[in-house]
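Participant: This is the feature table in Swiss-Prot:
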BINDING   Leu79, Cys80, His81, Met117, Glu118  substrate binding site
ACT_SITE  Asp132  active site
Amino acid sequence: MSDSLPTLSHLDDSGQVRMVDVGDKADADRLAIARAAVRMSPQAYGLLTQPGQGKGEVLNTARVAGVLAAKRCAELIPLCHSLPLAFVGIEFSLDDEGHRVEIRATCRTRYKTGVEMEAMTACSMAALTIYDMCKAADKGIVIEQVRLAYKSGGKSGEWRND
């Protein structure tokens, strides 16, 4: 197999699952930004965004859940390394036309491996928390477009998902 072809880093030469050995890698500044969206019915979105109905409580709870999920990522994803997070930030924007809550998670570290999984886990858990807190008003809520939007640092450098 050529070195220029992509490989699955969590499989060894015989195809067995393995944790990537990062022991000899140098620490580097690393940043990852992930995005997700939660789409719901106009009625549920109206309840979420109506003044006095708890938008702040729902989004603040989702924010804390996202931060906690990033911190626990290595316990949730079997081959993830535990790493020292320097920062986790969760931001929300409201799409009134699409009845969506858009989520952006940013994770930062100085370590031997990246924080992409932490950022995507943070986004996913924030989205699940919004679902949980709004499901009484809409069982058909959809979590969509969980994705890595940006990463920097390490051997592969900067990458954008435009």
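Cβ atoms are placed via backbone N, Cα and C, with glycine included.
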Participant: Among the binding-site residues Leu79, Cys80, Met117, whose Cβ has the fewest other Cβ atoms within 10 Å?
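Facilitator: Among the binding-site residues Leu79, Cys80, Met117, the sparsest Cβ neighbourhood within 10 Å belongs to Leu79.
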Participant: List the same-chain residues at least 6 positions away in sequence whose Cβ sits under 8 Å from the Cβ of His81 (substrate binding site), in sequence order, or say none.
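Facilitator: Same-chain residues close to His81 (substrate binding site) (Cβ under 8 Å, separated by 6 or more) are Met19, Val20, Val22, Ala74, Lys112, Thr113.
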Participant: Select the most exposed residue of Glu118, Asp132, where exposure means the fewest other Cβ atoms within 10 Å, treating these as the recorded positions.
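Facilitator: Candidates: the recorded positions Glu118, Asp132. Fewest Cβ atoms within 10 Å: Asp132.
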Participant: Taking the center of the Cβ atoms of Leu79, Cys80, His81, Met117, Glu118 at the recorded substrate site, which other residues in this chain have a Cβ no more than 8 Å from that point?
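Facilitator: Result: Cys73, Ala74, Ile77, Ser82, Leu83, Thr113.
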Participant: In terms of DSSP three-state secondary structure, what is the assignment for the residue listed as 'active site'?
Facilitator: helix
Participant: Distance between Met117 (substrate binding site) and the residue listed as 'active site' at the Cα atoms, whole Å?
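Facilitator: Distance (Cα to Cα, whole Å): 22 Å.
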Participant: I want to verify one value. Collapsing DSSP to three states, which class is Met117 (substrate binding site)?
Facilitator: helix
Participant: Where the residue listed as 'active site' and Leu79 (substrate binding site) are concerned, what is their Cα separation in Å, rounded?
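Facilitator: Leu79 (substrate binding site) has its Cα 27 Å from the Cα of the residue listed as 'active site'.
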